[in-house]
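Features as listed in TrEMBL:
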type	residues	note
COMPBIAS	265-276	compositional bias 'Low complexity'
COMPBIAS	326-340	compositional bias 'Polar residues'
COMPBIAS	344-353	compositional bias 'Basic and acidic residues'
COMPBIAS	363-376	compositional bias 'Basic and acidic residues'
DOMAIN	157-248	domain 'CS'
DOMAIN	270-367	domain 'SGS'
REGION	253-276	region 'Disordered'
REGION	326-376	region 'Disordered'
Amino acid sequence: MDLAAANQLLCDELYDAALVAYGSAIDGDDKCAAAYAGRAAIYLRLEKYTNALQDANAALAEDGACEPALYRKGLACFHLDEFETALDSFQKGFKLLGADAAAAATRKYAMWARKCEAEIEDEDSDSEEEEEEDVPVVPAAPIATAPADEGGVKVVPCDVKYQYYQTNSHLTITLLAKNVKEEDAEIVITETTLICKLKRDGGKSEMTVISGELYDPVVPAECKVKYFSTKIDVKLKKKDAFNWNELLKGDLIGEPKKKPPTFKPAPASTTSTATPYAGKRDWHQLEKEMEAELEKDKPEGEEALNKLFQDIYGKATPETRRAMNKSFQTSGGTVLSTNWGEVGKTDYEDGENRQAPNGMEWKNWEGEKLPQKTSD
């Protein structure tokens, strides 16, 4: 199946068939960037963001200037909480639009870039403002051990506090320790446990900040540790998406475990809406405000015509959309009909119905003139 057929199925929102069609196109030409980019669009609509990112990267590997692939990579990375990569993709895609790009295209890039910058600002900000409910500050309990281990390192009581916050997909722990180098920290993350130790006095002493069994399993390969001048951030990728009641399931490793707490869904908030993003901004309200601003801008000329078609398409039935897509694409952009009863029976590519804009004519790749309907 060719790429045009796959694109048609995507326009008709027949995603399962479109996936098969794009797969066939890729099998026929594994260097086809457009096929990878098209399949990435389907995965985005199905909310399979990892698959979308893989296809967008495959498209860019074949064509680094593929603007749709850059845009779809940005969307996938944003929903995977990779905000810096998403911003980079949106910025590169915006540069490829050029000065004659439609206003709607530039606006969508500006909106998503703004979202990324806000999320990065929230993610990298110093989380030193204590919030009693959302960001509990927990002093680590001292561990009763021998004054020194076999290597001669003195174990000292912990005086470092930590705090954490979470989304459905991630939990970020902030160790409130200043000027800690990577070599002076030992952070071990397994699927079910977390150990955070810090060295002091040039490695002569050591303290344990966190050491316990996590409330629920994580994905170690997707967990990250970042070192800042005022803190250390440990970002855990949850295996199952839900809010944890606690960070640790029981007491310190090696001591008797307490009975795990029973999970209770968090009470619904009456003042805010939960979102899957790290920031606390109300993106729904922000999008409403941006839409209101766009409505104030009255398009002119070709942009106004395109907006009219978009409004018709957006309010149309699936049958009307199918008619618009088929008539416009198979006629080479010379026919746009909303009557599926007529379009479904008409082949705009045969000689009787094929027509060209005034002053133009249809030719094949060899330059031979093709039969076409004469203008009235």
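Going from the start of the chain as shown, residues are counted 1 onward.
Heads up, the Cβ atoms here are built off N, Cα and C, so glycines get one too.
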Over the span of the domain 'CS' (157-248), count residues by DSSP class, listing helix, strand and coil in order. 9 helix, 48 strand, 35 coil
Tally the residues of the compositional bias 'Polar residues' (326-340) by DSSP class, grouping H, G and I as helix, E and B as strand, and everything else as coil. 6 helix, 0 strand, 9 coil
